[in-house]
Amino acid sequence: MSCESSMVLGYWDIRGLAHAIRLLLEFTDTSYEEKRYTCGEAPDYDRSQWLDVKFKLDLDFPNLPYLLDGKNKITQSNAILRYIARKHNMCGETEEEKIRVDIIENQVMDFRTQLIRLCYSSDHEKLKPQYLEELPGQLKQFSMFLGKFSWFAGEKLTFVDFLTYDILDQNRIFDPKCLDEFPNLKAFMCRFEALEKIAAYLQSDQFCKMPINNKMAQWGNKPVC
């Protein structure tokens, strides 16, 4: 992350929806700085750090994460990813690649939503067995879609690989053996983590493996750097 910042990424001080964005910014060697907001402790989980400025940033749809790049002010995590990716030709080139990008982008968000609902549910322990029972079927679909390709759009790295890496990693933390039956997914994870800029970031002080979720979550809410 360069000190000569041009972009500003705003989000909670967790991985959450911003991890894939951070990875893409690092991979593309984009100059940026972060504005991290802290959620208060239980029982109130005070969000005033964010709420005090939420409507003062001139955002069309005020929310986290946001990206400020000069006159361009963007919310929605996938819109931010696409904005960065377009600058580096990472949205797919052929029609087939673009179709695969669109499919996996939305499939990942469905997958992420399921995990988020589980992690924030007061019935977390009750619902966890069903999630774990259905997880292999979910992962099998990703494995079959990837097939023998190096990346999820084909043989060229696109922004959806950053999204997919993140959700697979979250599930790998949730259930450490979940990828064992899917060698192509494990190879994808290794391939992604071996990218020079990604490897450097994951080994840096800027990266924290946890918390994935905010403090009111039932899982993934503890800091582990």
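Cβ coordinates come from backbone N, Cα and C, glycine included.
Database features (Swiss-Prot):
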- 5-92: domain 'GST N-terminal' (DOMAIN)
- TYR11, TRP12, TRP50, LEU51, ASP52, VAL53, LYS54, ASN63, LEU64, GLN76, SER77: glutathione binding site (BINDING)
- LYS54: SUMO2 cross-link (CROSSLNK)
- LYS73: SUMO2 cross-link (CROSSLNK)
- 94-212: domain 'GST C-terminal' (DOMAIN)
- TYR120: substrate binding site (BINDING)
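Under the three-state DSSP scheme, LYS73 (SUMO2 cross-link) falls in the strand class. Put simply, the two farthest-apart Cα atoms among TYR11, TRP12, TRP50, LEU51, ASP52, VAL53, LYS54, ASN63, LEU64, GLN76, SER77, the recorded binders of glutathione, are 21 Å from each other.
Around the Cβ of the residue listed as 'substrate binding site', 16 further Cβ atoms fall within 10 Å across all displayed protein chains. Across the structure, TYR11 (glutathione binding site) and LYS73 (SUMO2 cross-link) place their CA atoms 14 angstrom apart. For LYS73 (SUMO2 cross-link), the count of additional Cβ atoms within 10 Å of its Cβ stands at 16 [all protein chains shown].
Annotation for TRP50 (glutathione binding site): spatial neighbours TRP12, TYR37, LEU64, criterion Cβ-Cβ under 8 Å with sequence separation of six or more.
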